[in-house]
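Straight from Swiss-Prot, the features:
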- 22-42: transmembrane segment (TRANSMEM)
- 44-64: transmembrane segment (TRANSMEM)
- 97-117: transmembrane segment (TRANSMEM)
- 140-160: transmembrane segment (TRANSMEM)
- 163-183: transmembrane segment (TRANSMEM)
- 207-227: transmembrane segment (TRANSMEM)
- 259-279: transmembrane segment (TRANSMEM)
- 319-339: transmembrane segment (TRANSMEM)
- 366-386: transmembrane segment (TRANSMEM)
- 389-409: transmembrane segment (TRANSMEM)
- 423-443: transmembrane segment (TRANSMEM)
């Protein structure tokens, strides 16, 4: 075979798309599609049609460029099997490892609190509106739900991991089906309210502020950062030895791009379908009630006057049940991450990494009591979920997803080739705008 034929053959082999690439594309997509998606239509539709159209333009760049930046950081380590903690320690020493451990824990723990509030509110609105039962004490409901989940976690963690993996695709399918099912109920209210002569760019309800706050919920909803490290390790072990690191980086970027396109298509279609069914005023009402959009849709169909169709009745009950299942799924997934992160912090600082000095069973019990106790306090206090996302969840995710990779690109020699690129400015800007939400919420 000639040299030219060898090159062509090699390029053809390199350009092939493997089954494992499809698996990871769907895996990244499935990781991002969780209960957080149920709040995106509320924030996106809060300001009406023009802000959500601008968010549509920003959605793919935010999802793709931010996750690609994190993947590049994970790829920069010398050990193909090294995770993100090892890579950060390689670049910045033990201090960097401590920082990444803290970031991971505090990126996940507030999400658990958010889901604690959400599942309490979702169950209570389902109990009162769909089942027509008398109102229950909030503290009791939150305690009952958390104890139920603690019981399941304690005695059936392995089973729950399997169940969660099976629930990903039915949940995504149900979102698409609900989006399609809402089409007969679409109305022109959101279009009728567009008045180009009275559009305000600035101010509390201006387009710029609405889109700015929307960026936070996009960072929160379009987030598969917890699985990026495992994804990169898998691809490096599969491709790097045979094709080199540059090809592996391109392959990772290609997979992240396809996963981002799938994610944006499903979530934005769901958001637009909800907005055309409801109205900006309804979205504001959902925010005030502190419930996910599926619960609000269920109540919306419950309040329809006259004889309801079987279709509307199915939507009323189906939306609530899907919301509950989605939140349970997300809660269990984030609980396992929070438990691992808290145990890691205790081991690192309390026992200096020596696992022989502590019983893991005892450590898991203490961590569970702290996690469930703090979640119950937050669930009972019932802070506004969107405010909690914008002030805590999204900024911490942005620190890990956007700013940490950008800092590494400036400081780490192995990432020097990525310096001076325009997409770095975009990722940095998204990270800073998300973190600045904290200042906006304070003042």
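Cβ atoms here come from the backbone N, Cα and C positions, even for glycine.
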I'm a bit unsure how to read this: which one of 44-64, 319-339, 423-443 has the highest number of Cβ pairs shorter than 8 Å with the transmembrane segment (389-409)? 423-443
How about the transmembrane segment (163-183) with the transmembrane segment (319-339) - do they touch, taking at least 3 C-beta pairs under 8 Å (6 or more apart in sequence) as contact? yes
Out of 97-117, 140-160, 207-227, 259-279, 319-339, what stretch is closest in contact terms to the transmembrane segment (44-64), meaning most Cβ pairs under 8 angstroms? 207-227
How about the transmembrane segment (140-160) with the transmembrane segment (319-339) - do they touch, taking at least 3 C-beta pairs under 8 Å (6 or more apart in sequence) as contact? yes
Beyond the flanks of the transmembrane segment (423-443) by at least 6 residues, Cβ under 8 Å: 61-62, 65-66, 68-69, 209, 212-213, 215-216, 219, 387, 390-391, 394-395, 397-399, 401-403, 405-406, 409
Between the transmembrane segment (259-279) and the stretches 22-42, 97-117, 207-227, 319-339, work out which stretch tops the count of Cβ pairs under 8 Å. 22-42
